[in-house]
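Annotated transmembrane segment per TrEMBL: 14-34, 54-79, 86-105, 117-144, 165-186, 198-218, 253-271, 291-312, 319-338, 344-365, 386-406, 433-452, in sequence order. The domain 'Major facilitator superfamily (MFS) profile' feature in TrEMBL is assigned to 19-454.
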Amino acid sequence: MKEKAVTLLNESKTARWIALALISTTMFFAYFFVDVVAPLQSMLETDYKWTPEVFGMLGGSEFFLNVFAFFLIFSGVILDKMGIRFTLITAGLTMVIGAGLKFYALTPGFADTGFAAWLGSFITWVPASAKLAFVGFAIFGIGVEMAGITVSKTIVKWFKGKEMALAMGLEMAVARLGVFAVFRLTPIFAENGGPSNSVLWGLVFLCIGFLLFLTYTFMDAKLDKQMGVSKLTTSPEDEFKLSDLKKIFTNPGFLAISALCVLFYSAIFPFQKFATDMLASKLNVDIKSAAAYVSFFPIGAMILTPFIGYFLDVRGKGATMMIYGAVLLTVSHLIFALVPAESFGVVTAILTIVILGTAFSLVPASMWPSLPKIVEDRYLGSAYGAIFWIQNIGLLAVPILIGWALTASNPGVSEQIAAGVEGVKYNYTVPELIFAGFGVLAFILGFVLKFVDKKNGYGLELPNKKK
Ligand SMILES: N[C@@H](Cc1c[nH]cn1)C(=O)NCC(=O)O
């Protein structure tokens, strides 16, 4: 008897783009929440007595549990052991719980409790609201990174051998749109109810995102059923083993790409946090105008990333793209560092942001689809977890390094600002040179990666799409 051939769900273009739309929209909400209070620094200082140091600590708290309690490594192992559906639901719930705690920290309901009084009784320069917000944001951080690695593995599952880099590029583009949206919407939400209203909206968005993840799991279950994936069909050699972690951390391709990743992102995300003040100082404009220039950065990356992804699918050249990205990263930070303020106008600022935005498209668009070429599918989730863990170490440490470098290279400035002296500004030359230094190291690592690729035949320069 002739067997009826089953057309897999991921062979249907419509089904795989619907799957992508569901998970990407949740990432839009997740990235929105990452920066939900970023434009509200001064409001938090006035309404909640959060100093700039406290505000900076909030940014670091997102990565705290992932780095020090190894949650990102656990998340990768959970993904490989328990599968996409379980991990997506866990990630979605963790984000909602963490965000809920952060919202509660900013409400009068919390401020009036004995718990708040107790939290405020030690390390008194950090208000109780900030302490609880740190805990909430650290829990959210576990969820958002878990979601990130699971979404990457999900895209590989649906798009491998097809439009994989384009799909990853589109997912990142939607996430970048979330960063743009936050800079535009959060101030409006805060005008009508303060920072807690902005966080409440972020929480509502995350609840919608959780429902989208849940909807996706039905598609995932159907695809698994068609593929015949079950505990019975998975042979012991196909299963993830804890010893695979050793394989990941001794894989030369993985090590090279992780080093490139931490260096590159250390000159991107921490820069994003300082960029508004840096441009306001350099251009001598107010914070609102400077923030508007910075918002071109995620938008530029958003527009370019899918095109670069498409190019990688049909033409390849992933490792070379990462080298070009590192060059552009270095050039843009050198412009910020070395062009004197007298010659640095709005046009130069926007052009430099466009160059940086191009780097921010080239590297992520080629880096994330490269990982499945370097490691085996059965431990791909752990590999994404491990690379994000290494990246998170940089994201936690570099803002502290930059803050220290800024203070050390501008003696007396913070004291004058605190004393209300008008017109005093920081000079960002040293921090920008540090960012440029990361770019130079990333450039060197790009060549190491190319060499390792040639030696081990990963195929990083080959197109993703099978002809
Ligand atoms: N670590 C993730 C998610 C993230 C974004 N901001 C802070 N954490 C990541 O880097 N994803 C890849 C990307 O290019 O956004």
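Cβ coordinates come from backbone N, Cα and C, glycine included.
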Let me spell it out: take the transmembrane segment (291-312), skip the flanking residues so only those 6+ beyond its ends count, and list any with a Cβ under 8 Å from a Cβ in it.
39, 163, 165-170, 172-174, 176-177, 179-180, 183-184, 272, 275-276, 279, 283, 318, 321, 346, 349-350, 353-354, 356-358, 360-362, 364-366, 369, 463-464
Are the transmembrane segment (198-218) and the transmembrane segment (54-79) near each other by the rule of at least 3 C-beta pairs under 8 angstroms (pairs 6 or more apart)?
no
Restricting to the same chain and to residues at least six past its boundaries, which positions have a Cβ under 8 Å from a Cβ of the transmembrane segment (86-105)?
23, 26, 30, 33, 75, 78-79, 128-133, 135-144, 146-147, 150-151, 154, 196, 199-200, 202-203, 206-207, 209-210, 213-214, 216-217, 220, 381
Most Cβ pairs under 8 Å with the transmembrane segment (253-271), selected from 165-186, 198-218, 319-338, 386-406, 433-452:
433-452
For the transmembrane segment (117-144) and the transmembrane segment (165-186), check the count of CB pairs under 8 Å (sequence separation 6 or more) and say whether it reaches 3 or more.
no
Go through the chain and flag residues at least 6 beyond the ends of the transmembrane segment (319-338) whose CB is under 8 A from any CB in it; none is fine as an answer.
260, 264, 267-268, 271, 278, 282, 308, 312, 348, 352-353, 355-356, 358-363, 365-367, 370, 428-429, 432-433, 435-436, 438-440, 442-443, 445-447, 449-450, 453, 460-461
Surrounding residues of the transmembrane segment (14-34) on its own chain - C-beta under 8 Å, 6+ positions past either end:
62, 88, 92, 95, 99, 140, 143-144, 147-148, 151, 154-155, 158-159, 162, 167, 170-171, 174-179, 181-182, 202-203, 205-206, 208-210, 212-213, 215-216, 219-220
Quickly jot the same-chain residues contacting the transmembrane segment (386-406) by Cβ under 8 Å, restricted to those at least six beyond its ends, or write none.
56, 59-60, 63-64, 66-67, 70, 72-73, 76, 145, 148-149, 245, 248-249, 254, 257-259, 261-263, 265-266, 269-270, 273-274, 371, 426, 428, 430-431, 434-435, 438
